[in-house]
Amino acid sequence: MSKRPAPDPVSVLRGHRASVADICFHPSNSILFSGSTDGELRIWNTVQYRTVSSAWVHSAAHGIICVAASPVLGDNKVISQGRDGTVKCWDFGGGGLSRTPLLTIKTNSYHFCKLSIAKSPSEAMKIDDLEVNEIVDGMQREEQGDQPTDSIKFKGKELIEGPKYVAIAGEQASVVEIWDVNTAERIAQLPHSSGSPSNQTPNQRGMCMAVQAFLPSESQGLLSIMAGYEDGSIAWWDLRNLGVPLTSVKFHSEPVLSLCIDGSCKGGLSGAADEKILMFALDHSMGSCLIRKEIVLERPGIAGTSIRPDGKIAATAGWDHRVRIYNYRKGKPLAILKYHNATCNTVSFSADSKLLASASEDTTVALWELYLPRT
């Protein structure tokens with residue numbers, strides 16, 4: 001049986017003068033945001049494949065490490081995160097950004113960990129629930145004991161109409177912080193510092209390298225955080241206990257570089273500096289994180305991961321310049337996309353699941369059409 005050749009990109013967006021560190025699609029319009037390491041934020045029309053607007057939003061010395069848009073923020077806002085210790089929220093209207101940010105959060109965090117806007121389960125997610133009992137891969141769970149708990153509860157409706165929360169690696173690089181984008185206030189730290197000896201664990205994990213914030217329907221309004229660390233471990237916090245994670249697993253032998261939670265909030269994907277891509281399942285009743293598929297690569301280094309909103313396709317961005325496409329349900333490889341001639345930094349799917357974007361150190365953004373969803 002002959003294999004079909006991998007497709008070429010439908011378009012390549014050129015305009016950045018430095019490595020494109022991050023990209024994200026607008027939640028409802030044909031717009032793509034991209035941020036580069038020289039501090040430039042570009043807005044692209046993904047129908048006409050042209051720049052709509054560009055602005056220098058962080059200093060060239062520090063650059064952008066993350067751009068984020070979400071239904072939680074609304075249609076007219078986008079967030080940029082720089083290595084200058086700031087997160088800025090911008091108004092996006094009339095084809096361009098506001099001259100000044102609506103709000104600036106001074107996190108004093110100087111690192112490469114991209115922030116995460118809290119998300120709720122997607123209605124577009126049609127993937128069948130994973131049968132966790134059928135997963136045979138083992139995992140190690142930390143015993144929490146009967147410690148007093150501090151909990152923060154966020155209702156799903158509040159995320160749309162009230163406070164907007166982001167998770168970010170903190171001023172102490174091993175600590176995850178939760179911030180309210182509306183007020184620029186820090187509302188939680190993970191772990192919550194109480195001066196007890198048990199709080200030594202995060203430092204042993206090293207720096208927080210990747211983070212995802214989500215609001216699973218099973219959590220009764222409790223925000224969950226997945227954090228990947230320098231030692232290859234991943235911790236799941238559910239904020240009922242700010243001192244100790246719900247569980248901690250070590251699937252990787254090198255620093256975790258990327259995490260993505262799927263639209264059902266029942267599983268996800270991780271990439272690291274080692275040669276493995278891991279698809280995992282979250283059992284909310286047991287508080288466990290279990291491997292359901294381990295993919296071993298010929299060359300190490302996965303800088304970015306993304307899962308399509310419909311839950312069918314997953315993509316990874318590799319140090320080897322390649323974009324890899326997988327069947328997310330089965331974990332089977334589908335294609336290797338070859339366009340970029342330098343490290344691929346990140347990948348992102350559009351909200352309608354019709355486009356995939358990849359960004360690279362070669363200063364370009366490639367747009368791909370793959371396995372289009374049924375309409």
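Indices start at 1 and increase along the chain as displayed.
Heads up, the Cβ atoms here are built off N, Cα and C, so glycines get one too.
Annotated in Swiss-Prot:
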type   : residues : note
REPEAT : 15-54    : repeat 'WD 1'
REPEAT : 59-100   : repeat 'WD 2'
REPEAT : 144-189  : repeat 'WD 3'
REPEAT : 203-247  : repeat 'WD 4'
REPEAT : 251-290  : repeat 'WD 5'
REPEAT : 297-338  : repeat 'WD 6'
REPEAT : 339-375  : repeat 'WD 7'
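Sequence-distant neighbours of the repeat 'WD 6' (297-338) (same chain, 6+ residues past either end, Cβ-Cβ under 8 Å): 6-7, 9, 122, 124-128, 254, 257-264, 268-277, 279, 344-349, 351-353, 356, 358-360, 366, 368, 370-371, 373. Of the candidate ranges 15-54, 59-100, 203-247, 251-290, 15-54 contributes the most Cβ pairs within a distance under 8 Å of the repeat 'WD 7' (339-375). Over the repeat 'WD 1' (15-54) the predicted model carries a mean pLDDT of 97. Taking DSSP states H, G and I as helix and E and B as strand, the repeat 'WD 4' (203-247) has 6 helix, 20 strand, 19 coil. When Cβ-Cβ distances below 8 Å are used as the criterion, the repeat 'WD 5' (251-290) is approached by residues 119-122, 124-125, 127, 129-130, 132, 135, 137, 139, 141, 206-207, 209-212, 214-219, 224, 226-234, 236, 238, 296-307, 309-311, 314, 316-317, 324, 326, 328, 331, 346 of the same chain, each at least six residues removed from its ends. Through the fold, the repeat 'WD 1' (15-54) approaches residues 60, 62-71, 75, 78, 80, 82, 90, 92, 95-97, 114, 342-343, 345-346, 348-351, 355, 357-365, 367 of its own chain, all at least 6 residues removed from its boundaries and within a Cβ separation under 8 Å. For the repeat 'WD 7' (339-375), the number of residues in each DSSP class (helix H, G, I; strand E, B; coil) is 0 helix, 15 strand, 22 coil. Summarised by DSSP class, the composition of the repeat 'WD 6' (297-338) is 0 helix, 25 strand, 17 coil.
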